[in-house]
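These notes concern the structure reproduced below.
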Amino acid sequence: MTTSRNIESVAAAFESQYGYAPAGIWSAPGRVNLIGEHTDYNLGFVLPFAINRRTYAAISSREDSLVRVSSSFSPVQHEVELGQIAKNSDNDWAAYPFGVAWAIQKLSQTTGKGFDAYFESDVPVGSGLSSSAAIECSTALALNELWNTGLSRAELARCGQLAENEIVGAPTGIMDQSASLLGERDHAVFLDCKSLEAQSIELGFDAAGLELLIIDTRVAHRLNDGGYATRRAACELGASQMGVASLREVSVDQLDKAKEIMDDVAFRRVKHIVTENERVLETVENLRAEGPTAIGALLNASHVSMRDDFEISIDELDTAVDVAIRHGAVGARMTGGGFGGAAIALAPIAKVSEITLAVLAEFELLGYGKPNIFTVTADQGARRDR
Ligand code: ADP
Ligand code: MG
């Protein structure tokens, strides 16, 4: 899985698909969220990082306005006229690159040219590692260059979000695209989702002898059917009951008031968001002051909050977290939107294989599907590779 092999392979696949060599190759990473879950659309804080798994896009402009996309994921080539891109009704993957093309034109108020694109990816799909942001951001960086639209990386992140909201039809926030575009090696992206100000925060996992394990339960999450939307609605209701525009404006001290005026479920949804924002801020402080060994308790507390208050965990994720902590992880939590997907465990390198074997054994004992367990490092964000 070396980058140069990926570049050769996607270039060759483009050529066999379209019969000529691509103008360039761009790539963008998936991301993992270290802490700050469901806080993005509440205009709070998140702390994701770009991972060393990427989507490679080989792309060329065309002289006409036809857009053709194909992917190693499926043999079917999709095409559309640039001016005809509309909300996706048949759940088609092509909505991601089509949506980005639509969004860049909308945000930059320009009309682009058609293009041919071919995608290859080693970001696991539907695991909470945002293969969707990887395909969006590789496309966005490429089109911004090919079309000379001159949008900033922050604006391109917004284009990815717009594509996902308006064309794919998933009501997601801006975190994933920000991480994929703004990530740096060994750093997390500390994003204020209200001001959209982003800061690079050194992680120092390597220097501390730690690795981040992904425990992908392989239970597929479906963001557009139910749980995610009802949590968003609960947060909106909570904010309006507190008389504020978003839960970002509610402090931990005000939770007593929230408890008085809301029913138990509504209160617990609000409590998760408010305390999670606080945990992100503390995680950043601890990383700066003491390094990554000092963030374990915050990761654990985040999981408990999602399990008991926000209620978006599932048994497989709880098991992964419990076993990882029992076998020496510094901290662990589910990550991503919930109802499936992956857990993360920050662990001393010497404990990684013990944790892996213990999780595999426990999943088998409980009759769960076999999880996919691997480590990730914090890697560079979207870039042009050739
Ligand atoms: P996640 O972002 O957590 O991986 P999503 O459901 O948000 O899960 O996005 C996954 C979808 O993104 C896939 O089902 C597919 O439609 C699309 N996708 C991601 N990467 C690719 C790719 N390389 N080729 C084609 N489609 C892709
Ligand atoms: Mg996604």
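All positions are counted from 1 along the displayed chain.
Even glycines carry a Cβ here, placed using N, Cα and C.
Mean per-residue pLDDT, taken over the domain 'Galactokinase N-terminal' (13-60), amounts to 97. Taken from TrEMBL, the feature domain 'Galactokinase N-terminal' applies to 13-60.
Residue counts for the domain 'GHMP kinase N-terminal' (102-183) under DSSP (helix as H, G, I; strand as E, B; rest coil) come to 47 helix, 7 strand, 28 coil. The domain 'GHMP kinase N-terminal' annotation in TrEMBL covers 102-183.
Under the heading domain 'GHMP kinase C-terminal', TrEMBL lists 284-359.
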Per-state residue totals over the domain 'Galactokinase N-terminal' (13-60) - DSSP helix, strand, coil: 9 helix, 28 strand, 11 coil
